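What follows is a single structure, written as structure tokens, with notes after it.
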Ligand SMILES: NC(=O)C1=CN([C@@H]2O[C@H](COP(=O)(O)OP(=O)(O)OC[C@H]3O[C@@H](n4cnc5c(N)ncnc54)[C@H](O)[C@@H]3O)[C@@H](O)[C@H]2O)C=CC1
Ligand SMILES: O=C([O-])CC(=O)C(=O)O
């Protein structure tokens, strides 16, 4: 059996071996990106999933190592740590209702992880995303460029899906941008969403765009409602994997990421979805777009929800 600290390959720690975490481990290994340490509080479960994924290697043709663990010390040497630990919502719940249960989990997971791999880049997934990313940054003591959250890639991918279904065209030509907090007030930007460079505002009626924007905003809830017992995980895992690849391969790719704002878009001391350049140092640049007044107002409204969540986290678990 391979020991956790024997590899010289890139290594990604995934904390939380549930739906998102285990699917992400599979994506990372099968795309041949890195070895994976899959960690959970449930004994035997991450070990079983890691072994199952190892046994698929001969068929999938890769040599990546997958290690299941209940011990944070096994994260030694990880280049990236992804936090998926925590509860998903069930029908009727908002993401904010997860704060009480998930803040404790994220705080302790990040504190433990950073002790063993202080050099890692941290990517948060646990909801409510922007609030948990801020909490993770605070308790990690790391530079904000090295702590980020995944949501905008997923929300943009959903918007792209709905546009491609509406226009009956390939998704390959569609690129969208969804900014703001990962909640009902997220900010899809039709002006910056294109099909082969053509803004969708040139291709669809306003009412159609509004309908697709609304479906995007409620994209997570639509799946929660259908699944009944949990939330989306295939598209979320693919979205995190894209960020992992951008960092590991130092790709300098622009994508919407929950990054720490220090005055950009008129917002300060908050994590929220903005266009970021990702490379091996983490967030290398935050791009400030020339937004219209209504778009800025929508971003600020979205930020208010995040701030309320931060107040709640501070009173529940604190940021120390
Ligand atoms: N940012 C985004 O766009 C998305 C966020 N999410 C969020 O990701 C989180 C995980 O979702 P799923 O994987 O579907 O849930 P899940 O319930 O399948 O998995 C969560 C795992 O976390 C583990 N866990 C709990 N406490 C832990 C701790 N202290 N240390 C290590 N592991 C711990 C649980 O044992 C469980 O295996 C949820 O909060 C969900 O809302 C899910 C999809 C998209
Ligand atoms: O909806 C949820 O709770 C999970 C999530 O964040 C998403 O799928 O966008």
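Heads up, residue numbers simply count up from 1 along the chain you see.
Here the Cβ of each residue, glycine as well, is placed from N, Cα and C on the backbone.
Look at residue 182 (active site, proton acceptor): DSSP puts it in coil. Residues annotated as active site, proton acceptor in TrEMBL: 182.
The 10 Å shell around the Cβ of residue 127 (NAD(+) binding site) contains 28 further Cβ atoms across the protein chains shown. For 16, 17, 18, 19, 20, 21, 40, 102, 125, 126, 127, the entry in TrEMBL reads NAD(+) binding site.
Under the heading substrate binding site, TrEMBL lists 89, 95, 127, 158.
What TrEMBL records for 11-149 is domain 'Lactate/malate dehydrogenase N-terminal'.
What TrEMBL lists as domain 'Lactate/malate dehydrogenase C-terminal' is 154-315. Averaged across the domain 'Lactate/malate dehydrogenase C-terminal' (154-315), the predicted model reaches a pLDDT of 98.
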Least buried by Cβ count (within 10 Å) of the recorded positions 89, 95, 158, 182: 89
Listed binding-site residues with Cβ under 6 Å from ligand 2, out of 89, 95, 125, 127: 89, 95, 127
Fewest-neighbour residue among binding-site residues, criterion Cβ within 10 Å, set 16, 18: 18
Cα-to-Cα gap, residue 182 (active site, proton acceptor) vs residue 125 (NAD(+) binding site), nearest whole Å: 11
Whole-number Å value for how far residue 125 (NAD(+) binding site) lies from residue 89 (substrate binding site) (Cα to Cα): 13
Rounded to the nearest Å - Cα separation of residue 158 (substrate binding site) and residue 40 (NAD(+) binding site): 29
The domain 'Lactate/malate dehydrogenase N-terminal' (11-149) - residue tally per DSSP class, helix then strand then coil: 68 helix, 25 strand, 46 coil
